[in-house]
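A short write-up of the structure that comes next.
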Amino acid sequence: MELHLHRLDYTQVGVTSQKTMRLLPALGKKSTQKVAIADHDGVVTCFGMKKGEAVPVFKTLPGAKVARMDLGGAVGTPQEKIFVCSGSQVRGFTKKGKQFLTFEANLTESINALHVSGADLFVCASYIYNHYCDCKDQDYFLSGDKINDITCLSSEKLPHLIPVLACQDRVLRVLQGSELSYDIEVPGPPSVLELFNKDGGEEVLYGTTDGKIGLVQIGDCDAATKWEVGNEKRKGGILCIDTYDIIGDGVNDILVGRDDGTVEVYGFDSSSEPTLRFEHVLTESVTSIQGGCVGKESYDEVLTATYTGWVTGLTSEPQRAEAVQGVEVRMSKETQSKIEALSAELEQLQVKVLQGREQYQQSSQSSTAVSAVPIFSINDKFTLCQDDASYSLTLEVPTAIDNLLLQSDVPIDLLDVDKNSAVVSFSECDSQPNGNFLLATYRCQANTTRLELKVRSIEGQYGTLQAYVTPRLQPKTCQVRQYQIKPLSLHQRTHSIDPDRPMNRLSLVGQFSFAEIHSWVVFCLPEVPEKTPAGESVTFYFHNTFLGTQTEATYCKGEGHFKSDNISTISILRDVLSKEATKKKINLNISYDINDDSVSHTLRMIHPKLEYQLLLAKKVQLIDALKELQVHEGNADFLIPEYRSILDESANLLEEYKKQPAHLDRLYGMITDLLIDKFKFKGKNVRTKVSSMLEILDHYDLNSLLDFFSEP
């Protein structure tokens, strides 16, 4: 069954956080529902729709930024009480706007996740989970990594409420009281949780920051993964999920909102796997999504809230009839009055803008007027993409972006992004005296509020990437954001590694504390929690997204052990960790055990990538000559099939080659580092051999390269 939904914009509030909009329960079966939404100004707004207009029910006074919203009420009654959290405080409002609860959780960190069930209140700050019953402290849990979201299961099969935490280290933690019952490994860092059945049940939906969705069934002692939906098209990360029967087939559909503005509806066929039924792209990230009936009775819709506070409905109500040429189209009185009201509102806004401009011109020429810097918020995300081993930098601003300046003190490549329409220009920079390797300016087109960039770093070179964001505001103002490029920047956390690979070992022994060595590991590797883990020792596993090699880090007070099947990773760790220890004036006893088999193993892992890139470069070099021959001869029939296929695929080949600048150079660099690092651990300097190795690479053959590396 095909789904047709039409967009309607209802109202705009201030900048919103994730999951800060809810639909209040309907009074009748098909009657419209009220919308409650909270923003960064601390204002909670509740409105309903009447004759196409948003009519406010109540609006609170401004206050601290609202991070989350949930609905609650006594068990067995309509869940129509509105709960919001700001800082470490939770407030409750009735559906009419009367505040009936102010609860101070007394947490040192701000609450970022909230769940209400009857008299039970569950709140999470960065690493802390607290459960209160009737505002009295019940349970407490300290998580090993940041908590992104929480939900609770209740069903007849389960003896009590079971809280489930979505944690940054790619696990869902299932709690029992104040204890961890068990955890569930998921394919990416989970950002949002939602019950599959709102009336209860044991199934939980999760969405990840890298755009995957899954369903897990939670049991008393363990869990089972029902299905997972990947992210082959590399869409944005999941910010919100809801379940609602929008298709009308009696089965709940899954509504998904992503941080690149994509709204999706997944339905279920005869199989139990979800299939994409509808997709719509908004211009900014979708922070909240709900299914219900808002605009008109009997017409279901998907309601979304975006980062800048737009409340938008995708309604099943038919919006326009197709006009046939020569046939008069009659508009209803309701539509006519709508158009007249919009025209009048537009005229008023134009007058206001002109008055504002005149006032600004007068005040800017006045000698007594004081210029105030306009404050604007930036929603930014800097994440490693596993598919192409690059970092995605997303910047979102409530107003239009004028330009963006990128500066880096480490060598990085800028990659092409299809969604990015900004004009980029590079400036020459002095890398030697100033350590300035990149200076690039993005000039944005009109009304661009969201910008997505991709960069690729080189492992072993670490520093800072800075983004200077200038919006179209007067007076001109700029905000800077800094992002750390770590020494092992292309590594990503994983749940386990292959123990059968040939591993190199590095051991450190010295007078350092657990917190000190943890801070060094945080400095070296991404996705390690900043907070020192509980317990006496810890083990983390990583895999290199570019090469597929793996790393294991195990450390405790006074001792650190690192294993990797890539000798260059061990070399980088040794250099950086010894440098950090020297800064603290700590003596380290460093020992290592190098496995020669690991070098040939790494070369074999590089081989398919290198072979593919060499073939791609060769094909691209031939394109111009083949095109010239084709023009000269009039057709390409005389060419052998291999050359004809190169001509047929020339556009795709050039596109791919353009998307991967310096890819071949990067692989050459990795093989060069591998050679230098192998002999560095043996106390030999082989820089003179590099030119001979590059000659072998120019006439590449894996066996010749392996023989060259095995020479003493």
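Cβ atoms are placed via backbone N, Cα and C, with glycine included.
Keep in mind that what you see is a predicted model, and the values were worked out from it rather than measured.
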When TrEMBL is consulted, the range among 332-359, 556-583, 584-611 described as coiled coil turns out to be 332-359
Cβ contacts under 8 Å made by the coiled coil (332-359) with residues that lie 6+ beyond its boundaries: 51-52
Where among 374-483, 491-593, 596-709 do we find the most Cβ pairs under 8 Å to the domain 'BBS7 beta-propeller' (21-316)? 374-483
Provide the three-state DSSP residue tally for the domain 'BBS7 helical hairpin' (596-709): helix first, then strand, then coil. 93 helix, 0 strand, 21 coil
Residues in the domain 'BBS7 GAE' (374-483) grouped by DSSP into helix, strand and remaining coil: 4 helix, 58 strand, 48 coil
